[in-house]
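Asker: The structure is given below, and queries will be raised subsequently.
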Amino acid sequence: MPINKKIKKVLVIGSGPIIIGQAAEFDYSGTQACKALKEEGLEVVLVNSNPATIMTDTDIADQVYLEPLTFDYITRIIEKEKPDGLLPTLGGQTGLNLAVELAEKGVLDKFGVTLLGTNLEAIQKAEDRNLFRELLDDIGEPFIESKIVDNLKEAVQTAQQIGFPVIVRPAYTLGGSGGGIAENVEELKEIVTLGLKRSRINQVLIEKSLYGWKELEYEVIRDGNDNCITICNMENIDPVGIHTGDSIVVAPSQTLSDKEYHLLRMASIKIIKALGIEGGCNIQFALDPEGLDYYVIEVNPRVSRSSALASKATGYPIAQVSAKIALGLRLDEIKNIVTGKTYACFEPALDYVVTKIPRWPFDKFSKGDRSLGTQMKATGEVMAIGRNFTESFLKAIESLDIRLPDFMEDLDRESLENRVKKAYDDRMFYILQAFYNGVKPEDLYEWTGIDPFYLYKIEEIVRLSLKISSNKDKILKGEVNLLARAKKLGLSDSMLGRLLGIPDFEVRDLRLKYGIKPTYKMVDTCAAEFAAETPYYYSTYEEEDEVEVSDNRKVLVVGSGPIRIGQGIEFDYCSVHAVRALQDRNVEAIIVNNNPETVSTDFDTSDKLYFEPLTTEYVLNVAEREGITDVILQFGGQTAINLAEPLSEAGMNVLGTGLKSINLTEDRKQFNQVLTSEKIPTPPGYTVFSIEEALKLSHKIGYPVLVRPSYVLGGRGMEIVSNEAELKTYLTDAVKITPEHPVLIDRYIPGREIEVDAISDGNDVLIPGIMEHVERAGVHSGDSMAIYPARNLTTKQTRRLVNYTKKICNLFGIKGIINIQFVLDRDGQFYVLEVNPRASRTVPILSKVTGIPMVKWSVRIMLGETLNQITTLKGLVPPGDLISVKVPVFSFDKLLGVDIHLNPEMKSTGEVLGTAENLEQAIYKGLKAADFDLPEGGKVLFSLADRDKQEALGVVCRFIEEGYQVLATRKTALYFQKRGLRVEKTEDPVGLIKKGDIKMVVNTPTRGKEPGRIGFKLRRIAVEHNIPCFTSLDTVEMVLQALVRVGEEEKKEVIPLSEYKKGGVLV
């Protein structure tokens, strides 16, 4: 079928910032789609608010807009660009909802824009719970007993008719947002109230709970000629009742009979055909574990998180094929670019097993609600491939980059039963513990509902582990059969080291001595029936190896692993650009990573991809097989940097900044000595190894002090403590201080934080830009709003900052990228807070707003070039004409029990960028892009700590002057009233928020982070009711500026990336 010749320009809407439920998978799918459209000769216009994405690079689309993903802004872009078509299904739920809104409100008709691929009616039928149920009824497919409601009274009546427990599912939401399982009327009222607010059409489905049934997913694709194939079927190990994004998922399914498999496959094809979806589609089923009864749970009429997993699991490029189908091509006309020979109409075949395990943020939020249900809580996921389930399962656990719990603890049977009956993020580890304690698989099936197949396989891991522990001496003396069996089962060197009581590297030496080495197999979509042109490998312990090794110069790039707080998509952006930079210099680029959501693990990003855990063992195995000595770690976040020492000790050459310099930045004593010797101020600080030493040195420094563990990312475990009692609590509860795990203690210096990213070749230094944080020191840089260019530095201060940066680069022998964080105190004195000898999360932002390809130039330096050979630019690059504001984005609504108060520990999951000709407009855009519902009037509630009340006087006055009605809690109101301000006291702030009377909350915490305190309750209730809540007066001042100084016309202005005038570089 020929492509529609009327379509010459296509608009693609991205998914926006990384949030729980919508992560990097849409950068991957959007990038693939844009490339597919350009291959067909179409002009592509892309709009996305997330600057940390590959898809917002200027070479991905012909025109790129970093603008808020709202109806008004997209309408303005359509008006300006006049696209012929809109691709609605590759930007996640955000992109889909916007496309529907644009169609329903007549914008697409007005400007002559055609929805490509799946049409409006099909989207509405899949997303509207009522229409979808009617369709299933028409085609004879079973659906769960349920009813659509749009009010609380009807919800209660429906639940009582169906019988508790019930599941609540809001329409047009992502990640199960606003949904949940209700056991009683009280829980139902709470969930439905939030669900109705989250739904775009104020509609929720109340359905009978099938908790405990098997959950299966089918990824299906259909073209406009009604050709349809299934790409992959996936089985959730966790039964129905846990969101699939929080479930451990296996592909292909392991426990279905042939009859069950084909029953659900035919149902999937029947449903996608009835809906008329053109492109990829995900269909979820509940299957009775005792028979052939099944129900359709839901359909995603778009590329989804599961699509990304299915793509990486099979090698089938779902997003690329979906984009071509949207243009009118048939499956039998689209080449499979993995094999280069077959066509997209061939169903993939798998001769291996894939396991996905979610990555949760509870290492950051230990007090958050860790229970799992229908609302997703994971920030990211890992994927592993093996020849059997246990191998892929254990490799996935190894990929999580978490400290594995110690087993063989003395837990009684009742405690274990309680820990596994209800699903928590760590349930699988307690299942392992139960097997260590002798619990039978049959009992665990009764407790968990997990299919016995998986339980027996997990028991096999424990049985072998116990055997290895009891035969330790024999193994160390050369009895290697058990060792070889353990490697085939999937046990890593580190797991074996713990069982044998020896270091990892000794396990490695032992197995290499006896020739126990991995082989590598290829993922090719066709189980080796055809040769693949895009090498994509995984390790296993078998005889035949499928890797073809070249004699080219090659470099290994270590990726950043799963998306998590503190290490997000920004590092994948850097890894992808590192690969491209190597390829530009004719160096073979080989990447190791384990995140199925990302562009770095796409089939055609690198010369070779190894889908492996990011540990010393697996990285060295790849390096040894490929004959690689050079490795780049600067772009994989802290995960990669932590490998510098073991890889160097194993003989690998870490390109760029050396191991000595990396260690120097983390050793606080040496770090301070080096900077002090060059008269560069640092806050007084020490590395301490015991509680006694910490108390003594904190007293010497003087409170408040900033405390944190060494070698962490995202400020994990970082706090400001004000006295000795708080310090003792921190050292006993938050971290475990030992000689092996010291704690850093610095004096806390109040002031403004300034952030510098620089490129150095060891002699010359280039500073693309300086960013200034809005919130004062004490809020993690990832959680701060940040302005480029810095606006409050004098010429003299800027010169001093540049001078310090150059000195630091030279002192630490920086080759490549460096990130330095300064604080400017009230007396105008700079202090160096932190030096990161690696890429930071601001690299993508500065690269885009300055036009300087920071990663590319850094890689060239690592390969031996100097800055002089690369560019004529030196020192600080002059800023362009525009102002950009980075605004962090949080997922607090998904994480119950987590305090939203900002502090030195990072909490945001993503960020957006607002760019404009003036600061207020840039702030306004950034806040809109971050999905803040900014009130232009109404009631604003203040509840402030005593220390902040005087400072807040000016802000409160301005809110009143602008016509807002200011309310306050009792003590705060009394303070303002005494000073003559028109502030109304409220005794029931929580009730007012719940009723929807309050439009904004300003709450600065006192000493309390405890859930019982009123401040904590205020913050949580505001978040759960989608009301803007700010915990910093600095932020509130900026918000107020944006609200009162930006005119209606300014609010609608859009600027493509190509029109950014950048420091002498026009991109």
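Including glycine, each Cβ sits where the backbone N, Cα and C put it.
According to Swiss-Prot, the protein has these features:
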type    : residues                                                                                       : note
REGION  : 1-401                                                                                          : region 'Carboxyphosphate synthetic domain'
BINDING : ARG129, ARG169, GLY175, GLY176, LYS208, LEU210, GLU215, GLY241, ILE242, HIS243, GLN284, GLU298 : ATP 1 binding site
DOMAIN  : 133-327                                                                                        : domain 'ATP-grasp 1'
BINDING : GLN284, GLU298                                                                                 : Mn(2+) 1 binding site
BINDING : GLN284, GLU298                                                                                 : Mg(2+) 1 binding site
BINDING : GLU298, ASN300                                                                                 : Mn(2+) 2 binding site
BINDING : GLU298, ASN300                                                                                 : Mg(2+) 2 binding site
BINDING : ARG708, ARG747, ILE749, GLU753, GLY778, VAL779, HIS780, SER781, GLN821, GLU834                 : ATP 2 binding site
BINDING : GLN821, GLU834                                                                                 : Mn(2+) 3 binding site
BINDING : GLN821, GLU834                                                                                 : Mg(2+) 3 binding site
BINDING : GLU834, ASN836                                                                                 : Mg(2+) 4 binding site
BINDING : GLU834, ASN836                                                                                 : Mn(2+) 4 binding site
REGION  : 932-1067                                                                                       : region 'Allosteric domain'
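Provide an account of the burial state, proximal residues and distances for the features listed.
Answerer: Annotation note: GLU215 (ATP 1 binding site) sits in a strand segment as assigned by DSSP. Listed in sequence order, the residues of the same chain lying 6 or more apart from GLU215 (ATP 1 binding site) and placing their CB within less than 8 Å of its CB are GLU235, ASN236, ASP238, PRO239, VAL240, ILE242, THR244, SER247, GLN284, PHE285, ALA286, LEU287, ILE297.
Taking all protein chains in view, 17 other C-beta atoms sit within 10 angstroms of the C-beta of GLU298 (Mn(2+) 1 binding site).
In sequence order, ALA126, CYS281, ASN282, ILE283, SER306 make up the list of same-chain residues 6 or more apart from ASN300 (Mn(2+) 2 binding site) whose Cβ falls under 8 Å from its Cβ.
Following the DSSP three-state reduction, the secondary structure of ASN300 (Mn(2+) 2 binding site) is strand.
Other Cβ atoms within 10 Å of the Cβ of ARG708 (ATP 2 binding site) number 20 in total over all chains. Under DSSP, ARG708 (ATP 2 binding site) is assigned to a strand (E or B) in the three-state scheme.
According to DSSP, GLU834 (Mn(2+) 3 binding site) is assigned to a strand segment. Summarising the environment of GLU834 (Mn(2+) 3 binding site), the number of other Cβ atoms within 10 Å of its Cβ, over all protein chains shown, is 20.
Taking the Cβ of ASN836 (Mg(2+) 4 binding site) as reference, residues of its chain lying under 8 Å away and at least six apart in sequence are, in sequence order, THR665, ILE818, ASN819, ILE820, GLN821.
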Asker: Given the binding-site residues ARG129, LYS208, GLU298, GLU834, which one's Cα is the least distant from that of HIS780 (ATP 2 binding site)?
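Answerer: Of the binding-site residues ARG129, LYS208, GLU298, GLU834, GLU834 has its Cα closest to that of HIS780 (ATP 2 binding site).
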Asker: Please find, for ARG708, ARG747, ILE749, GLU753, GLY778, VAL779, HIS780, SER781, GLN821, GLU834 as listed binding ATP 2, the greatest distance between any two Cα atoms, in Å.
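Answerer: If we measure all Cα pairs in ARG708, ARG747, ILE749, GLU753, GLY778, VAL779, HIS780, SER781, GLN821, GLU834, the largest is 18 Å.
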Asker: What Cα-Cα separation, expressed in whole Å, is found between LYS208 (ATP 1 binding site) and GLU834 (Mn(2+) 3 binding site)?
Answerer: 53
Asker: Distance check, please: Cα of ARG129 (ATP 1 binding site) against Cα of GLU834 (Mn(2+) 3 binding site), rounded to an integer number of angstrom.
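Answerer: Their Cα atoms are separated by 51 Å.
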Asker: Specify the secondary structure state of GLN821 (ATP 2 binding site) as given by DSSP, simplified to three classes.
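Answerer: The residue in question, GLN821 (ATP 2 binding site), is strand (DSSP, three-state).
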Asker: Quick check for the class: what is the C-alpha distance, in angstrom and rounded, between GLY778 (ATP 2 binding site) and GLU834 (Mn(2+) 3 binding site)?
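Answerer: On Cα coordinates alone, these residues lie 13 Å apart.
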Asker: Calculate the distance in Å between the alpha carbons (Cα) of GLU298 (Mn(2+) 1 binding site) and GLU834 (Mn(2+) 3 binding site), and round it to a whole number.
Answerer: 48
Asker: Averaging the per-residue pLDDT over the region 'Allosteric domain' (932-1067), what integer do you get?
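Answerer: For the region 'Allosteric domain' (932-1067), the model's average pLDDT rounds to 87.
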Asker: Using a Cβ cut-off under 8 Å and a sequence separation of 6 or more, which residues in the same chain sit near ILE749 (ATP 2 binding site)?
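Answerer: Sequence-distant Cβ neighbours: PRO683, ALA777, VAL823, ASP825, TYR831.
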